[in-house]
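> According to Swiss-Prot, the pyridoxal 5'-phosphate binding site annotation covers 150, 151, 274, 332, on the basis of sequence analysis. Look at Swiss-Prot and you will find 300 tagged as N6-(pyridoxal phosphate)lysine.
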């Protein structure tokens, strides 16, 4: 039965939410009521499937904790006052921590002046952020298109490559097996997981996939496409596959792909949505081997965990296809003042606190610790891998991975699996994680593995 719109109900709901936003603390009854309310609204108005997903990583089989506020730079507090060390990092958005004061202050100061741009007058922060990224990014990258997410940055990269290469008769794209580039139609065409792709077939034509890390397969595909007249417009890669399970390519793979792109006249698009902004121990993962892309995709941590923002940064040669008509590809909220303020502050924090170098140091410490645990528990752990503060623990099967996440939840450490590889648990904390907190995480992992071994033996 269709229901009639109710202004009174909408008004009451919004007023209740505003009252909640004003609160700093909740008493016991308020907490219980909010937990029930949030679960009900997720079930009835968001997506009931999310409840089952959250349920799989909670202690005792109850529904997931309801988030309330940041506890500090590296922790979250739920409505029950429980504090969790964040080793998930919002899937890579909290590189400078939760509510970093420099980022929050920049956004608040801009909010006091003008939160969104007029669309007609020139907005200064967009210009300043574009200039900053031109200075920060490698090679000849010079111009930036701003959007709101990683998926949008990939969409822009695909369109930019198409616009540049279409006059040259090049329309084919090569991505890799295990890749994740987003779930909008264009980005999904480059993504390589059937679960996400199958319901939306047919996707964009002209996308091919080759095994990640296999330079011979890449060379063969480029060559075969040339032979059949399906010349390649661009190769799109993650320097390290994040959702694929934190998969690192062999040393020399990215430089070799760059060389092949030059040989065949294809553009190189690097998707650093997850690996960028210091995550792997360099500002950008491509810098580990001095690889310079034609187009670079950024998002997630670019907004400092305070505002959503994505960026597609390209060389002048490629970006110039938009010069004559800058409205060929636009988005209303892309490059808005609040998002640009957050991004500028984030870059400032990353550089002044040398967080990429900290990520390298702390990442080595955590990786060494996890690898020692893997040696102690070879019956549970297949492999530990990663670079900087992007790490993964691969378990012997999916069930062990789920159980490890639940055990870590009991130890008040948040972790989660990857979208393309269920038995792999990703460790992706803020780069601001302290050495003491690193030790706490390793202790929690040891306890979790010990508990898992007991449960496996009992089963």
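Cβ atoms here come from the backbone N, Cα and C positions, even for glycine.
Given the structure is predicted, the values throughout are model-derived calculations rather than measurements.
Let's see these features in context: how buried, what's close, how far.
Look at residue 332 (pyridoxal 5'-phosphate binding site): DSSP puts it in coil.
All protein chains shown were included, and the count of other CB atoms within 10 Å of the CB of residue 300 (N6-(pyridoxal phosphate)lysine) stands at 28.
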> How far is it from residue 151 (pyridoxal 5'-phosphate binding site) to residue 300 (N6-(pyridoxal phosphate)lysine), counting Cα to Cα, in Å?
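Between the alpha carbons of residue 151 (pyridoxal 5'-phosphate binding site) and residue 300 (N6-(pyridoxal phosphate)lysine) there are 10 Å.
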> Name the residues of the same chain, 6+ apart in sequence, whose Cβ is under 8 Å from the Cβ of residue 332 (pyridoxal 5'-phosphate binding site)?
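Within the chain, residue 332 (pyridoxal 5'-phosphate binding site) has Cβ neighbours under 8 Å at 119.
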> How many other Cβ atoms are found within 10 Å of the Cβ atom of residue 151 (pyridoxal 5'-phosphate binding site), counting all protein chains shown?
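So the number of other Cβ atoms within 10 Å of residue 151 (pyridoxal 5'-phosphate binding site) is 22.
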> What is the Cβ neighbour count of residue 274 (pyridoxal 5'-phosphate binding site) at a 10 Å cut-off, with all protein chains included?
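A count of 30.
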> Give me the non-local Cβ neighbours of residue 150 (pyridoxal 5'-phosphate binding site): same chain, 6+ apart in sequence, Cβ-Cβ under 8 Å, ordered along the sequence.
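The list for residue 150 (pyridoxal 5'-phosphate binding site) reads 182, 271, 273, 274, 297, 298, 299, 300, 310, given in order along the sequence.
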